[in-house]
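K.L.:
So TrEMBL says this about it:
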DOMAIN    1-112  domain 'Thioredoxin'
REPEAT    115-148  repeat 'TPR'
Amino acid sequence: MANALIADVTEQNFQQIVFDNSQHLPVLVDFWAPWCGPCKSVMPILEQLAEDYAGLFLLAKVNIDDNPNLANQFGVRSVPTFKLVKAGQIVAELTGGQPASAFKTMLEEHISRPSDSLREQAKQAHQTGQTEQAISLLQQAAELEPDNHSIHLDLVNIYLSTRQFEQASQLFHALPDTSKLTAEGKAITGLLHFATLAATSDDIHTIQQTLRDNANDPAALLGFASILMLHQEYEKAMQALLKLMMVASDYQEGVAKKSLLIIFEAIKTSHPDLVKTYRRKLQSFLF
């Protein structure tokens, strides 16, 4: 585990290893005991995470039998107990045997990656219409961290919002299932549905003119909703789809209802209240 940052901590070196290092990176403190079965089960998980994250956090292991004062100082009532320390403060805690996913969720909120600055610059560039610059910045970020699939998801989103649907689809389908099943991955799965619809629709200016002439035009409403979704205008997209259901519920074999359900699944984690509101609206229409 050459790339992993792992240390055995005692009362004598706790200040240096935990608090001093926490000024630069998160320190995950594992309070454990030799007689604790769950402690032994979770230790390989933590060590593998330290290897996988390769220096992005430090794993500090505290044997409470040898260091009872540390356990008392940190209010450890049972083992295993895990405390994440950043900038000298406890920022997150877990207790008991936990899967790797629980630790990843905790760590990801506090880890700073080399690519973070490039991703933020890319986001700002895209928002100001500098799409090529945004793509270039994300490609640089991907070179720094080729296994950070969040970068690739950023790229997919840009391709979708600029109607580069083939590039978006190819890149997304090349990602591992673990990335596709994240909240962001599920959202993109939904966006790809709308990308397929948008690819066969008119451009936004033609659609808007059509709707000015006939606000109930089914093809224009569907195209409008699809383009809105690709720009993450979720509520406006759902409004357009509800209107399509009202004026032509059987259009393209009920594509409006199907598309609404896809949106609900795609954004239920990121926008739960919005999904609840429009589920009720859909149910009111159906029943």
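Using the three backbone atoms N, Cα and C, a Cβ is placed for every residue, glycine included.
Note: TrEMBL annotation is automatic and uncurated.
Quantities reported herein were computed from a predicted structural model and do not represent experimental measurements.
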K.L.:
Of the residues in the repeat 'TPR' (115-148), how many are helix, strand and coil by DSSP?
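P.N.:
Per DSSP, the residues of the repeat 'TPR' (115-148) fall into 26 helix, 0 strand, 8 coil.
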K.L.:
Tell me, what is the mean pLDDT of the repeat 'TPR' (115-148)?
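P.N.:
Over the repeat 'TPR' (115-148), the predicted model scores a mean pLDDT of 93.
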K.L.:
Counting by DSSP secondary structure, give me helix, strand and coil numbers for the domain 'Thioredoxin' (1-112).
P.N.:
42 helix, 29 strand, 41 coil
